[in-house]
Amino acid sequence: MKAQPKASHFIGGAFVEDKTGKPSPVIYPATGEEIARLYSATPDVIEAAYAAALKAQGEWAALKPVERGRILRRTADILREKNKKLSKLETLDTGKALQETLVADAASAADALEFFGGIISGFNGEFVELGGSFAYTRREALGICVGIGAWNYPIQIAAWKSAPALAMGNAFIFKPSENTPLSALALAEAYKEAGLPDGLFNVVQGFGDVGAALVNHRLTAKVSLTGSVPTGKRIMAQAGEHLKHVTMELGGKSPIIVFDDADIESAIGGAMLGNFYSTGQVCSNGTRVFVHKNLRERFVERLVERTRKIRIGDPLDEATQMGPLVNRAQRDKVLSYIEKGKAEGATLACGGGVPKLQGFDKGYFIEPTIFTDVTDDMTIAREEIFGPVMSVLEFSDEDEVIARANDTEFGLAAGVFTADIARGHRVIGQIKAGTCWINAYNLTPVEVPFGGYKQSGIGRENGIAALAHYSQIKTVYVEMGKVDSPY
């Protein structure tokens, strides 16, 4: 099975190859086989990307916003037309089940392009009356923006970052994760087909050194990263040396709080979505599931029953509900956390091992795992695992669970399940997290901002807020009378 692209990079509207760069094999996580081989960007490739972006950006920013938006909306249409093909590519790249990629990856990318393409013409500055004279503000492009992607939602992340940047009149250079480099190239082709001028969306492949080169480049005006907290800290420090704009969408250890009046099936469904979707490789996952003591026994019994029915197997089979983790290193990391959970006294209620799957013995599969009797100080309740490992914790009252939910360095997301809507609002109002749900979990419509508090990030993806993060404000004062000067 092969998925070799035409070349490693996409620059100035064309595929570009330079095999003097470091080789980067692309592995299909379900089988461990190499499906493509790309090459890391050399300094010449990086400079070519900046030259193309610089040449194109000024003319693009000068277009009417509605004209820029029209191209983004055409790109959205192209992604939807090619959704099946793109979803299969994303499954090969990430190992995620096709059942998921058909609805959550290229589809979400299309939603972002459609949203920002439609809203940009109404994103304007302010007018302030000053007693005859007046002032107004203009929202202007930053210039060349850089996006650095993660491996869990490659095409979605590429679009979530590039759509508002391009809508605002910027040029964009995107570096996908070296683990999942393929679908960003497909997005570049879709932009080209839709009529995006050459040089405005460029893709360069590579490892951390390429990311650092982009962050530190003199022409980079802004950096947007989706990744881990340690990576975010490094990139923010580098960007800070040059006072570059940054958006950071980082990790989490988010709480889901289930009160005893909650609809138990909905709460369990939300907890499963918040732990097992994308094989647990979702930054906003609610991996600390706090269940009221009156509901805990029934909740766990039914949760385990439903979890054991999850179908693990061939990701390209649409009946499969869970695929493998992205690579062997990630599986080894998750398995080590499972061992820590057992060693620290948590009860393994379900899963915890590597399933035996005919024809996929070299894949990076792992069973959906549930721990009970988890305490707040255990490693599995403190650190981001990024795999299908759920910790169930018991609580007895509202104030207690709010304090425990907030006792973390992270603040990306949170969820509350309750029949008392007033309590839902009251609790969410006290949770220190940037993206919250009441009686739902992990739904991320592009119309609203997504991002975190504390060490989970800075800035926001999506919603009108994202446009603000890809623009700068110019204030213009207009004097309608004579200048009053004491000199």
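Glycine too: its Cβ is placed from the backbone N, Cα and C atoms.
Summarising the annotation, Swiss-Prot assigns active site, charge relay system to Lys161 (among others). Taking a C-beta cut-off of under 8 Å and a sequence gap of six or more, Lys161 (active site, charge relay system) has these contacts in its own chain: Cys145, Gly147, Gly149, Phe172, Phe174, Ser224, Thr226, Glu461.
Look at Swiss-Prot and you will find Glu249 tagged as active site, proton acceptor. According to DSSP, Glu249 (active site, proton acceptor) sits within a strand segment.
Take the CB of Cys283 (active site, nucleophile) and look out to 10 A: across all protein chains shown you find 25 other CB atoms. Summarising the annotation, Swiss-Prot assigns active site, nucleophile to Cys283.
Taken from Swiss-Prot, the feature active site, charge relay system applies to Glu461 (among others).
Taken residue by residue with DSSP, Ile27 (K(+) 1 binding site) is part of a strand. Counting only same-chain residues six or more apart in sequence, the Cβ atoms lying under 8 angstroms from the Cβ of Ile27 (K(+) 1 binding site) belong to Glu33, Glu34, Ile35, Asn327. The K(+) 1 binding site annotation in Swiss-Prot covers Ile27, Asp93 and rests on sequence analysis.
According to DSSP, Gly149 (NAD(+) binding site) is assigned to coil rather than to any helix or strand. According to Swiss-Prot, the NAD(+) binding site annotation covers Gly149, Ala150, Trp151, Lys175, Pro176, Ser177, Glu178, Ser228, Val229, Pro230, Thr231, Gly251, Cys283, Glu384.
Per Swiss-Prot, K(+) 2 binding site is recorded for Leu243, Lys454, Gly457. In the three-state DSSP scheme, Gly457 (K(+) 2 binding site) falls into the strand class. Taking all protein chains in view, 29 other C-beta atoms sit within 10 angstroms of the C-beta of Gly457 (K(+) 2 binding site).
Positions annotated as cysteine sulfenic acid (-SOH) by Swiss-Prot, on the basis of sequence analysis: Cys283.
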**Study point:** Sequence-distant neighbours of Glu178 (NAD(+) binding site) in its chain (C-beta under 8 A, six or more apart)
**Key:** Ser24, Ser40, Gln205, Gly206, Phe207
Review point. By CA distance, which of the recorded positions (Asp93, Leu243, Cys283, Lys454, Gly457) lies nearest to Thr231 (NAD(+) binding site)?
Key: Gly457
Exercise for review: Using DSSP with the three-state reduction, classify Pro176 (NAD(+) binding site) as helix, strand or coil.
Suggested key: coil
Check your understanding: Cα of Gly457 (K(+) 2 binding site) to Cα of Cys283 (active site, nucleophile): how many Å, rounded?
Key -> 11
Check your understanding: C-alpha of Trp151 (NAD(+) binding site) to C-alpha of Lys454 (K(+) 2 binding site): distance in Å?
Key -> 23
